[in-house]
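Peer 1: Okay, handing you the structure first.
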Amino acid sequence: MTFDLYTTLYIVAIIAEAMTAALLAGKLEMDLVGVFLLGWITALGGGSIRDVLLNHYPLSWVRHPSYPLITGFAALATIMVAQHMHRLRKLFLFLDAIGLVVFTVMGCQVAMTEHLSVVCVIISGMITGCMGGVLRDILCNDIPLLFRSELYGTVSVSTGVVFLCCSHIVDNRNIELLISMIFGISFRLLSIRYNWTLPRFSYRS
Amino acid sequence: MTFDLYTTLYIVAIIAEAMTAALLAGKLEMDLVGVFLLGWITALGGGSIRDVLLNHYPLSWVRHPSYPLITGFAALATIMVAQHMHRLRKLFLFLDAIGLVVFTVMGCQVAMTEHLSVVCVIISGMITGCMGGVLRDILCNDIPLLFRSELYGTVSVSTGVVFLCCSHIVDNRNIELLISMIFGISFRLLSIRYNWTLPRFSYRS
Amino acid sequence: MTFDLYTTLYIVAIIAEAMTAALLAGKLEMDLVGVFLLGWITALGGGSIRDVLLNHYPLSWVRHPSYPLITGFAALATIMVAQHMHRLRKLFLFLDAIGLVVFTVMGCQVAMTEHLSVVCVIISGMITGCMGGVLRDILCNDIPLLFRSELYGTVSVSTGVVFLCCSHIVDNRNIELLISMIFGISFRLLSIRYNWTLPRFSYRS
């Protein structure tokens, strides 16, 4: 049951991430291979970077070869629904928030099963949650959004902290996940709704 | 004998990739270290990414330290022949096609010796064949060509499929390689000759 | 004693690298998370790439979770001293030169303890010394400085060669380090002082 809930949310998350990537690919007028690959790399890249850095082999898409196919075809399917996307914008932001939070929690869990320090658990969550988007922005030749605005990084780190606290207090994985998700998704959606941003550092030499 | 044919083709391939990278470095007016490094990273980067993702250590250039030197000096040598490059253009495209196809086949083989799934074999071939060029384009601050045009990715994936089919039918590594190469190189050269492209996905939000 | 000297210099080095990164983040008006992350990735990225390529786990920041915190907060602290930075410019260039040289020597040592070939030792030093800056420039959407100008790569490679020679002649780690540092830092500072550059390769197709 726990496994099913996690897996279901994970698949929702990778599909959502692949679809965001596809829309960006469409803005840059990439071809079909570009859409497919950008969707796949965005959705599975964060987890892959984490696994490589933590020496946690085999990678998820090597164990589950259906994941690259699911994400790639989700990206291609986005082409067909793209003209309706403005009407689906709220659903889309919600799915994207689920993606960020589920990825973060799963990243924290991987580091916790390896008995890493608290700092590494938080970093592992953040890498899993955010690095897919960083790869996407690098491949699209842009300064990663993570570094510039929106509270992506902040949401991911604080979701990681909430999850870590829960896992010391509660003894039920589903409840830990549920609390972290409610916190993280609310934080993310409120930050979009009210345009919360962090102060910027502006420097002229 | 098999070993020799593969090794020979592999060295032709890394030299060809290093030379394409050097020409791009020249367009961006990089200095000599830049030319050397871009050549080396382009030629050996795809295989290195594959080996890191598949936990297949040590990397080829750690086992064969001559490879970074060969590719680096091939990139520097390109500086001397650059003014004759327009006359060598066809030879060059041919070598580049060999590079793409040989890298793809070798990537498939690595995944097959690790008994990975069919999807991972194809992905491993594509990463080996294409990711060096993606690294090159990222380092040159450009959206990777793979995502935008030419049939690089398509040629690599279909060469992988052909190779995989051959390896289930034929029992001779040289013949498998030969068939895959004839297929892949023809596909690549025809796609250049007739300007074959995939449809693009264009999206305005 | 040896350990202390190395560790002290290493911490000076990662702080210096994080501060350079923070100044660049400020030029691009990144937010606080961006400053923190860019500082951390620049300072620890070169060593992480080396460890992943050489299969040398766990990574330094997994073993020492204080490092990401030190570098991140050093980057944030840079915001407070940024307006005095022009007066500290010389100190800053000196710290940056220490960073390059110390990273290079430590990268060479890692490869030497794994009994790799001379070429790999030099490459390992160069990756450790220079790749953090390459990641920084990629994330800032720029062609890496390493490929374009300054003698970063040349200083790193020649420091690696000096260190390798020393380690075959001298039998004392502190003296090896000292000689390499005097050589490398002098080379770096002289190259800045006298604007030494390598020839560029310029190519029009």
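Easy rule for this one: first residue shown is 1, then count along the chain.
Glycine is no exception: its Cβ is also placed from the backbone N, Cα and C atoms.
Keep in mind that TrEMBL annotations are predicted by a computer and have not been checked by a curator.
Just so it is clear, the model here is predicted, and its values are computed rather than measured.
Okay, so TrEMBL annotates it like this:
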- B:9-81: domain 'Glycine transporter' (DOMAIN)
- B:94-166: domain 'Glycine transporter' (DOMAIN)
- B:6-25: transmembrane segment (TRANSMEM)
- B:32-53: transmembrane segment (TRANSMEM)
- B:65-82: transmembrane segment (TRANSMEM)
- B:91-112: transmembrane segment (TRANSMEM)
- B:118-139: transmembrane segment (TRANSMEM)
- B:151-170: transmembrane segment (TRANSMEM)
- B:176-196: transmembrane segment (TRANSMEM)
Peer 1: DSSP says what for the domain 'Glycine transporter' (B:9-81): how many helix, strand, coil residues?
Peer 2: 61 helix, 1 strand, 11 coil
Peer 1: Considering only Cβ pairs under 8 Å, which range in B:6-25, B:65-82, B:118-139, B:151-170 makes the most contacts with the transmembrane segment (B:32-53)?
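Peer 2: If we count Cβ pairs closer than 8 Å to the transmembrane segment (B:32-53), B:118-139 scores highest.
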Peer 1: Could you give the residue numbers and ranges of same-chain residues that sit at least 6 residues beyond the transmembrane segment (B:176-196) on either side and whose C-beta is under 8 angstroms from one of its C-beta atoms?
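Peer 2: For the transmembrane segment (B:176-196), the far contacts come to 5-6, 9, 93-94, 97-98, 100-102, 104-105, 150-151, 154-156, 158-159, 162-163, 166-167, 170.
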Peer 1: Suppose you look only at the domain 'Glycine transporter' (B:94-166); what would the mean pLDDT be?
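Peer 2: Summarising the domain 'Glycine transporter' (B:94-166) by its mean pLDDT gives 92.
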Peer 1: Same chain, outside the transmembrane segment (B:118-139) by at least 6, Cβ under 8 Å from its Cβ: which residues?
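Peer 2: Cβ under 8 Å, 6 or more out: 17, 20-21, 24, 38, 41-47, 49-50, 53-54, 100-101, 103-108, 110-112, 145-146, 152-153, 156-157, 159-161, 163-164.
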Peer 1: Counting by DSSP secondary structure, give me helix, strand and coil numbers for the domain 'Glycine transporter' (B:94-166).
Peer 2: 61 helix, 0 strand, 12 coil
